[in-house]
Structures are given as C-alpha cells and as structure tokens.
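To start, the structure under review is shown below, and the notes come after it.
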Amino acid sequence: MDTVNRPGFRHTASAIAALAHIFGLTACILTLVWLLHYRGGLAYDSRSADLVFNCHPFFMLLGFVIVSGEAMMAYKTVRADKMTRKIVHMALHFVAICMGIVGINASFKFHDMIKLEHMFSLHSWIGIVTFCLYGLQWLLGLCTFLFPGAGSETKARLLPWHISGGRALLLMIICTALTGLSQKATSSTLTGNHESRLLKFTGFFVLLFGISIDIAIGFDRFRHVDPTT
C-alpha cells in the first residue's frame, strides 16, 4: 500500500524532543541542587552513610533516567544515517546501564552501613525488575539489530516488540524515579518546606521528560502514513 511522507511529523517530533531536553536538563539541575545544597554532597567511599546514599539518586536520575531517555531520542529524532543512530542508541543505553549499576550498588552499600533490609519497598521492587528487563532488552537489541545481527525477516518480526518494550521500560523507569523521590521525602519527613517542594518539582520535570520522549517517538513513527487511513 502506498504511503505519504509527512515531514511535518518529524519536525513536530524534533520540537517535542527539544522540550524533552529542557525538561531533562531542569531535572538534572534540581537534583544537583538537592544533593549539594540540602544533602551535603555525595561520596561513594565516604564513611557517612548519607553521602554514600546520595550517589544512588545521582547515578539513577542523572545517569539511568536521563541517559536512557536520550538514547531513545537519539535513534528516533536525530538526523543521521541509520547505522550511526544505531551505534549512538546502543552506546547511550550501555552508559545508562553502567551508571545504573553504580547507583544500585550505592543503595545496597547504604543499606549495609545502616543495617537496613534490602528490597523492602515498592520502589526497590519496581526498580530492580525494570533494571533487569532493561539489560535484557539491550542485550537482545544488540544481538538482533547491531552485532552480529539477525536476518531481515527476524528483525521485522522483533522490531515491534523492541519498540513497544522500550516505551514500556521508559514508563517503568519514570515510575521508579517518582516512587523513589516520594519514598525519600516520606522517610525524611519532608513536608511543606523548601526541600520538599524541590523534590516535587524534580519529580514533575522527570515526568514531563518521560512524557515528551514518548510523544516525540510517537510522532516520528507516524511520519509515514497510509493515505487511506
């Protein structure tokens, strides 16, 4: 069936992706302000459990959440040849995985330092499942679409699953981040003060970041449409 190319859809996707960059940058700045101004900084090898824990939101929010989102936008909205977009897409996802490993390990180290049970919250349950599925998605994507690469028929069959799985994982990543911020605010009894409001704004911009990425990807995928639909 003939299709019509709609460049306006790609322009819209690029504009929304630009908004996503702004939302992501804002979330990064707010996270840094929170950790440096209100939480005393971060240090993975510190004897202070709080400074060790601060590495967790740093690497998970600035690393895992933002970099994974950038990886999705890099493949769907960046104007470059297909192989370049694939390599950048997979490389950024790999960086996100590495930062996620450091962030998760910081959380477990914090729990050991204060003698706290591991995996006790809904945030931790969602987070570890999301991270494991994310790693599996990356590995399958690498083997299928980049190296060594599957046949064209297999790629065509798996592509919808890869794309849908990526968007579902983005939703899970945002959900994990928001439950983590909420849990931290609750455990620190932050109500009605400046730090509490800062965390709420951070969560709000993380949510906008995720929504913008999903909309940008949606517009980009529908730039080629069937005129009969």
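A Cβ is built for glycine as well, from the same backbone N, Cα and C atoms used for every other residue.
Features of the protein shown, as given by TrEMBL:
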{"type": "TRANSMEM", "residues": "12-36", "note": "transmembrane segment"}
{"type": "DOMAIN", "residues": "19-218", "note": "domain 'Cytochrome b561'"}
{"type": "TRANSMEM", "residues": "56-75", "note": "transmembrane segment"}
{"type": "TRANSMEM", "residues": "87-105", "note": "transmembrane segment"}
{"type": "TRANSMEM", "residues": "125-147", "note": "transmembrane segment"}
{"type": "TRANSMEM", "residues": "159-181", "note": "transmembrane segment"}
{"type": "TRANSMEM", "residues": "201-219", "note": "transmembrane segment"}
Looking only at the domain 'Cytochrome b561' (19-218), what is the mean pLDDT? 92
I need to check the long-range neighbours of the transmembrane segment (56-75): which residues 6 or more away from its ends have a CB within less than 8 Å of a CB in the stretch? 17, 20-21, 24, 27-28, 31-32, 34-35, 42, 85-86, 88-93, 95-100, 102-104, 106-107, 110, 127, 131, 134, 166, 169-170, 173-174, 176-177, 180-181, 184, 202, 206, 209-210, 213, 216-217
